[in-house]
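Taken verbatim from TrEMBL:
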| type | residues | note |
| --- | --- | --- |
| TRANSMEM | 54-73 | transmembrane segment |
| TRANSMEM | 157-177 | transmembrane segment |
| TRANSMEM | 294-316 | transmembrane segment |
| TRANSMEM | 368-390 | transmembrane segment |
| TRANSMEM | 426-447 | transmembrane segment |
| TRANSMEM | 454-476 | transmembrane segment |
| TRANSMEM | 538-560 | transmembrane segment |
| TRANSMEM | 611-629 | transmembrane segment |
| TRANSMEM | 662-679 | transmembrane segment |
| TRANSMEM | 688-709 | transmembrane segment |
Amino acid sequence: METDATNPVPCDPEKPVNAVETIEEVNDSPVEEVRLTVAITDDPTLPCLTFRTWVLGIISCAALAFLNQFFVYRQNALSVSSVAAQILVLPVGKLMAATLPTEAVKIPGTKWSFTMNPGPFNLKEHCLITIFANAGVTGAYAVNIITIIKAFYHRKINLVAAMLLTHSTQLLGYGWAGIFRKFLVDSPYMWWPSNLVQVSLFRALHEVEVRRKGGLTRLQFFTVVSVSSFCYYIIPNFLFPSITALSFLCWIWKDSVTAHQIGGGIRGLGLGSIAFDWSTIAAFAGSPLAAPGFAIINMLVGFILIVYVMLPIAYWKNLYNAKRFPIVSAHVFDATGAPYNTSAILTGKTFEFNRAGYHSYSKVNLSIFFVLIYGLNFAALASTVSHVALFHGRTIWRQTKASFQEKFGDIHTRLMRKHYEPVPQWWFHSLLIMVVAISMLACEGFGRQLQLPYWGVALAMVLAFVFTLPVGVIAATTNQPSGLNVISEMIIGYLYPGKPLANVVFKTYGTISISQAITFLSDFKLGHYMKIPPKSMFLVQLVGTVITSLVSFGTAWWLLTSIEHICDQKNLPPGSPWTCPGDDVFYNASIIWGVVGPLRMFGKLGLYQEMNYFFLFGLVAPIPGWYFARKYPSRRWIGCINIPIILSGTLGMPVAKAVNCVSWLTVGILFNLVVYRRYKGWWARHNYILSAGLDVGVAFMGTLCYFALQYNDIIGPSWWGLHIDDHCPLAKCPTAPGIKVDQCPVH
């Protein structure tokens, strides 16, 4: 393996490159975090696809698909990670190994047989069950379409069309994963940081470890953390929800709109806000303990520049009439500052854009933060392409040539090639052809209820094919994948305007196929680290994806039909968690790009034409860093500057809130910079275990609280800390003269 100035990874500014180190790294991964975490041994005789794997894997997948779809409608949309299943199945698997019969069971009418108990419950079975569970974690993105149709637009959708849409969008990514797996899995520089949490936990659970005097084994440490997290989470989840967003400036200046705008953790800039709640910290950007230190620094720089420099200047300069609207909002407004009335610009029967109604009503206006977010999304997408081409282009080209000669790889790749057969490419290609046919049927059939024509489906797939590799490189090295949401919305909005469902369906095919490909590739890398046969990996992922689609769809349908006023923030009771933050943004995006269209938003007929210059900025922004990284190769910190991550520094805002970002960055800096550098031994032993334990405790207590208390309308004691709120009500207020909003002073 080679290291040069055009490929400055692994990114560690403290460690210079030298010839001796390069020679040593041939026998292991070139990434220090991987060397500290992943074993370089393998036992190919261990059974993998056993009866226990299928039973526990299917149950885990279905359970996590239900829980994550359940939580996604809540204010803090906690993602229950597969770590929860990873922990629970271990004692169950060992119990099955101790009690199930070992005799072979013949399948009637065939020569096949299997045993329910092939021996001790082993690490590879455990890993495959966890990969089953990973499929349940991702959920089904197409459910967002069903949600906005039923809960926001209040229309109906054909059940079969909805199911075909859900399945096809989930499975499409397999094709792209098969094409790019040599670059994004076999390459040792594509190290997928989030997988190290699970690898570390696997080793803690299965390796025999002697407890140090006065210390704890990794399993004991995990138990202490998960139990503590479980017990503590009843406080922010039930007894004292206000600690999920503490905004101190609002307490000091209770009647100041400006103070609330600056300090508000939910509707403001979050300066001085903090959360004492793991679900708030990890809700939108994942665990900060799993993010590399250099990526956290890039995101911190981006967050400060965007939220505390660009946004205040734009707002108080009244750019685009910013003071008429809240400083941070994902909603759409008319020219008077009132919420936009979408029924005025949609025809009732055809569900298409009503041009006459639009001209007699108002152009669509956005908060200045939402405007900047769209511009930065344009820049981030363009910079992803140029960053990958500049910093990784030479390596990708070398891998392309080497992959045909089977020469590229590290110790993990060599072990996999030595012991296991790869998945044949025709498996991926056959599945891709079948899913394309289902996609065409879903969109062209059923009276074209989904509005997207066949050429739109084909174009979405071309878009996904082009961007899977650059997006995958960013995800594999920084743990922060970039999405195609905005560019896909823009493309179909120009080509096929005025049709909101066509827009979101195109976005789903263009976005989710990449997202699913990234998930499959990440799981393949986990299997790569754990030395799992690739064919077993493929089957488990495929079955898990189908189960996830079915369970996510059923869960969403149940919640949408059983919870009164779900997603309707105006009519929900105070403190209700069912605010659907992700679907709210999804709905408003469908208005911006689908109903009104980019021509009337960011084109010559719109208010925000200047945002298109962000594409050019993003394209050229990585060039200075690349140039200086080549000019000064010994200064490795220059190569750590990652423009796509800096431009994505808002960590999912406005779906996420400022308090989520501030808390995430604070914890990430503490553990992956301070602790990592000062107490590297403790970090290597406990960091990922700590992340896993916190996830498990929150997941179990959150589920228990809902079904034992909240589902039965049992609420905590009535006091000011009971509501999920930052107590900054004036943060939502406009400051332009004459604009009237409920509970806001008129300037």
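Using N, Cα and C of the backbone, Cβ positions are placed for all residues, glycine too.
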Of 54-73, 157-177, 426-447, 611-629, 662-679, whichever stretch has the most CB pairs under 8 A to the transmembrane segment (368-390): 611-629
Best-contacting stretch, by C-beta pairs under 8 Å, relative to the transmembrane segment (538-560) and drawn from 54-73, 426-447, 454-476, 611-629, 662-679: 54-73
Residues from the same chain, set at least six apart from the ends of the transmembrane segment (611-629), whose C-beta lies under 8 A from its own: 5-6, 8, 371, 374-376, 378-383, 385-387, 390-391, 602, 635, 638-639, 641, 643-644, 647
Of 54-73, 426-447, 454-476, 662-679, whichever stretch has the most CB pairs under 8 A to the transmembrane segment (157-177): 426-447
Same-chain residues at least 6 beyond the ends of the transmembrane segment (454-476) whose Cβ lies under 8 Å from its Cβ atoms: 172-173, 176, 179-180, 183-184, 190-192, 384-385, 387-389, 392, 396, 436, 439-440, 443-444, 482-484, 487-488, 491-492, 495-496, 502, 505-506, 509-511, 513-514, 517-518, 521-522, 525, 642, 644-645
Contacting positions for the transmembrane segment (662-679) when only residues 6+ beyond its ends and CB under 8 Å are counted: 14, 265, 270, 273-275, 280-282, 285, 288-289, 291-293, 296-297, 299-300, 303, 651, 687, 690
